[in-house]
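These notes are about the structure you will find just below.
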Amino acid sequence: MENKKNKKVILVVIDGLGLRKEKIGNAFELAKTPFFDKMFKEFPWSFIQASGKFVGLPEGQMGNSEVGHLNIGAGQIVYTGLSLINKDLEEKNFINNKAFLEVIEDVKKNNSTLHLMGLVSPGGVHSLEDHLFEIIDVAYQKGLKKVSVHVFGDGRDVAPRSIKSSFEKLEKITNKYNYDIASISGRFYSMDRDKIFERTEKAYEALLGNSNSKFDNWSEFLNKQYSQEISDEFFIPSINASKNVNFVKDGDSIIFFNFRPDRARQLTHLLIGSSLYDFKPKKPVKINKFCSMMKYEGIETLIAFEEMEIKNPIGKVAEKAGLKQLRLAETQKYAHVTYFMDGGVDIEYKNSKRIMVESQKVRSYADHPEMSAKGITDELIKNAKDFDLTILNYANPDMVGHTGVLTSTIKAVEILDYELSRLVDFAQKNNITVFITADHGNAEVTEDDKGNPQTKHTSNPVMLITSDKNLKLKDGKLANISPTILDYLDIEKHEDMNEESLIIK
């Protein structure tokens, strides 16, 4: 029997590619994918659950890249921000939250304004609007008079023009308490994560009340933006025209109710003057108390909810076993194969290498469905022979799927198919075993049955494919993947990894 300790493994995480039989709007089924066809026919594979309770999210909640990579790396179900926060929401514990209360007491003491900012969306990927509504309730119960809400439009994790219902719910509660909707910005500006600070600063300026784009009410604002073919994600940072509205100024305090950190850090940096980035705003502001819903890595804030700690992810177990490791992705997903795969910690292991292939800086990946996939495969072919465990990410199906352009998403899947054929061919020639999975669904539902674009993630299962034809795999969930790989390598998993291997023996 071959000594598995000499085996090398490449784990490919495809971003945003689920399994669905229906062809309507299904870029995966409609694409020409000769290599995928070959793999599903000739290689062992199984179904993997990547959403809802299987990844520590509420029942039926679609998966996402952060949660997916956390679960893959941890080898256990990771109860993330949404689940943790929802528990307190259901138990009406927001009113007892120490961080919230510290902010509120400071606002009362200084007769300042509390600013609530974040993605107002039912999506549950970066935020959940119900959290905002509960915080508003708490602010009122605690006697705050001056509360301003700064709305970030979604249109990416939910339908492109779906914010109307969120505004209706928000207006009902702000009118009830005489609070204000002070500014509106699309997440394209307020939640950039690619260090394009020209975008972030436009959202920042709107928070301070500096914008030439103004609105009298949200309904008029929506009509104007939509008439210019601007969807929720791309709302021009705009401010309430009323002279009575309080914008962010020195001495005020902020609660940023986004729980996911990656798209919250740049704007937070500008507001509190952190040292995380070099970019500084032209008009800095002094915030008294800044509370983030969860920890934003690299930035010091009050933290409302502490995340579950992952102490022994696959990277650490592999390091202790003496394995050389390679992590590889393009800019858009680099944090996912490093920070999130390692349990929400930025760590470089001994005998490891990280390679980030630069993502193209474009307005829409619909026009560039190739993204940087070729560069990722090229780097893998150059480097993987020197490493025992390689973990990489292909971003195409997710990032192009988010555009809702079916033809482009089909092209993205076809490009991925070709790059996987190159990767597996290289691996087989060098006695490296490949495992291929995905972190969540997306590209398999790019349009609905009426042809309307669908840009959000899905709750469909994904695949786990292996190039080792001697294996048999059973169905499972993302948290089973690390135990499966360690089992294949004859490495004992850590006791924290309480999920089993999917290899049938």
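Note that Cβ sites are derived from N, Cα and C of the backbone, with glycine treated the same way.
Database features (Swiss-Prot):
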- SER65: active site, phosphoserine intermediate (ACT_SITE)
- ASP15, SER65, ASP439, HIS440: Mn(2+) 2 binding site (BINDING)
- HIS126, ARG156, ASP157, ARG187, ARG193, ARG260, PRO261, ASP262, ARG263, LYS333: substrate binding site (BINDING)
- ASP398, HIS402, HIS457: Mn(2+) 1 binding site (BINDING)
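All features noted in Swiss-Prot, drawn onto the structure.
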residue: ASP15; record: Mn(2+) 2 binding site; Cβ within 10 Å: 27
residue: SER65; record: active site, phosphoserine intermediate; Cβ within 10 Å: 26
residue: HIS126; record: substrate binding site; Cβ within 10 Å: 27
residue: ASP157; record: substrate binding site; Cβ within 10 Å: 21
residue: ARG193; record: substrate binding site; Cβ within 10 Å: 15
residue: PRO261; record: substrate binding site; Cβ within 10 Å: 25
residue: ASP398; record: Mn(2+) 1 binding site; Cβ within 10 Å: 29
residue: HIS402; record: Mn(2+) 1 binding site; Cβ within 10 Å: 26
residue: ASP439; record: Mn(2+) 2 binding site; Cβ within 10 Å: 32
residue: HIS440; record: Mn(2+) 2 binding site; Cβ within 10 Å: 29
For ARG263, HIS457, listed as binding-site residues, tell me which one has the smallest number of other Cβ atoms within 10 Å. ARG263
Quick one: of SER65, PRO261, ASP398, HIS402, HIS457, which recorded positions lie within 10 angstroms of HIS440 (Mn(2+) 2 binding site), measuring between C-alpha atoms? Sequence order, please. SER65, ASP398, HIS457
Tell me, which binding-site residues from HIS126, ASP157, ARG193, PRO261 are within 10 Å of HIS457 (Mn(2+) 1 binding site) if we use the C-alpha atoms? ASP157
Recorded positions near ASP398 (Mn(2+) 1 binding site), in sequence order, restricted to ASP15, SER65, HIS126, PRO261, ARG263 and a 10 Å Cα cut-off: ASP15, SER65
In angstrom units, rounded to an integer, how far apart are the Cα atoms of ASP157 (substrate binding site) and ASP439 (Mn(2+) 2 binding site)? 15
Would you mind reading off the Cα separation of PRO261 (substrate binding site) from HIS402 (Mn(2+) 1 binding site), to the nearest angstrom? 19
Integer Cα-Cα distance in angstrom, ASP439 (Mn(2+) 2 binding site) to HIS402 (Mn(2+) 1 binding site): 15
Determine, to the nearest whole angstrom, how far the Cα atom of SER65 (active site, phosphoserine intermediate) is from the Cα atom of ARG263 (substrate binding site). 13
Using Cα positions only, nearest of the binding-site residues to ASP15 (Mn(2+) 2 binding site) (HIS126, ARG193, ARG263, HIS402): HIS402
I'm trying to understand the geometry here, so how far is the Cα atom of ARG193 (substrate binding site) from the Cα atom of HIS402 (Mn(2+) 1 binding site), in Å to the nearest whole number? 16
For the recorded Mn(2+) 2 site formed by ASP15, SER65, ASP439, HIS440, name the remaining residues of the chain with Cβ within 8 Å of the site's Cβ center, in chain order. VAL13, ILE14, GLY16, ALA50, GLY63, ASN64, GLY68, HIS69, LYS333, HIS336, ASP398, ALA438, ASN442, HIS457
Within 8 Å of the Cβ centroid of the Mn(2+) 1 site residues ASP398, HIS402, HIS457, which other residues of the same chain have their Cβ? ASP15, GLY16, ASN64, SER65, ARG156, ASP157, PRO397, MET399, GLY401, HIS440, ASN442, ALA443, THR455, LYS456
Euclidean distance between Cα atoms of HIS402 (Mn(2+) 1 binding site) and ARG263 (substrate binding site), Å: 16
